Amino acid sequence: MGIAGTAVAKNACDIILTDDNFASIVKAVMWGRNVYDSISKFLQFQLTVNVVAVTVAFISALANATPLTIVQLLWVNIIMDSLASLALATEEPTPELLTRSPYGRKKPLITRHIFRFIFFHSILQLFIILSLFFAGHILFDLPQGDNEDPSEHFTMIFNTFVFLQLFNEVNARKIHGEGNVFRGIFRNWIFWAVIISSVIFQVIFIEIGVILPALEVVVYTKPLSLRLWFWCIFFGMFELIWNQIIRLYPVWLVPKLGWFTDPLKRGFRRLRRHNSSKRGHSPSALRDEEDDDDINARQRWILGIRRIQTQIRVVNAFRAIQDREEIETSVPPTPVTSTHATSEVGFSRFSN
């Protein structure tokens, strides 16, 4: 207790309640878990965008044609970095956060649910984008795009890519494989403001050639017909259906992140040992450095036990003081007789 607590109790404790209200602990836990979930939401969304963008840029570079220009990638970064972080990190905590078990210290930030989300959504987006890149002009009867002049072919690819991310941003609101991705979406007005503003700016970005034809070369887009707009939005909406489909894949079949990182760690350790042996360092010293984590864990364990023992001693001390006060108040005071009165009674008896 920060107000009613004594200095001894404050020095022995780990957490001090400044307002002496235990409800503050519940709020602190809720906000802490909410911050952790917000980071996980943005991470799974951003990694999906980066995987798809890098893969498309690499494959299109091999094909000597880039459907996403530098200006378009900058626009995508504005939508998917700044605005997406506001949309996914501004949701207020809910009581449902207290129903799940706490995370461990060594629990990876990318869980199996997040890995499944990134993997399958990246596959869907790559399939759609690459299909439009290699066969979109045939499927929709469009002139094949090139990097010389803006074309409807490449504009449709860029527009589809943006709408895929906008609808996938709705899926990224849930990180534990929940089915209803729209639950609680109306409580966050910032999320809706970001989505609506992104759609409006995307329409302006695509149709800017109608208003200012001179800017077509700068943004490298060409106005699309209503038919192509419908297909772009349809491809984006399929993200919501695909998110329900991938939930059928059991999460226990998804490999853990440690299956990929542990071999790398062992490889780096072997490389360090090899380099240290070349430089003349003893392998035992390197093994001692690797065991520092275990030693630190034991030290933290001992420190925690000592803190618990200190707190028990403080509680026992307070109980002893309280018991002593109760004993002193329960014993009645002994009557005190005056020596002067006693001597007068004895003298009267002696004289008689």
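Any Cβ shown, glycine's included, is placed from N, Cα and C.
All TrEMBL annotations are machine predictions without curation.
If you look up TrEMBL, you'll see 66-248 marked as domain 'Cation-transporting P-type ATPase C-terminal'.
Annotation comment: TrEMBL describes 301-330 as domain 'Plasma membrane calcium transporting P-type ATPase C-terminal'.
Here TrEMBL flags 329-352 as region 'Disordered'.
Annotated transmembrane segment per TrEMBL: 42-63 (among others), in sequence order. The list of residues near the transmembrane segment (42-63) in space but at least 6 beyond its ends in sequence, with Cβ under 8 angstroms from a Cβ of it, reads 73, 76, 80-81, 84-85, 88-89, 109-110, 114, 117-118, 121-122, 125-126, 129-130, 133-134, 161, 164-165, 168-169, 172, 175.
Long-range contacts of the transmembrane segment (114-140) within its own chain (CB-CB distance under 8 A, at least 6 residues past either end) are made by residues 40, 43-44, 47-48, 51-52, 55-56, 59-60, 63, 65, 67, 153, 156-157, 160-161, 164, 168, 171-172, 175, 177, 227-228, 231, 235, 238-239, 242-243, 246, 249, 251, 254-255, 257. What TrEMBL records for 114-140 (among others) is transmembrane segment.
If you look up TrEMBL, you'll see 189-212 (among others) marked as transmembrane segment.
Feature annotation from TrEMBL assigns transmembrane segment to 224-242 (among others).
Mapped onto DSSP helix, strand and coil, the domain 'Plasma membrane calcium transporting P-type ATPase C-terminal' (301-330) counts 30 helix, 0 strand, 0 coil. Confidence annotation: the domain 'Cation-transporting P-type ATPase C-terminal' (66-248) carries a mean pLDDT of 88 in the model.
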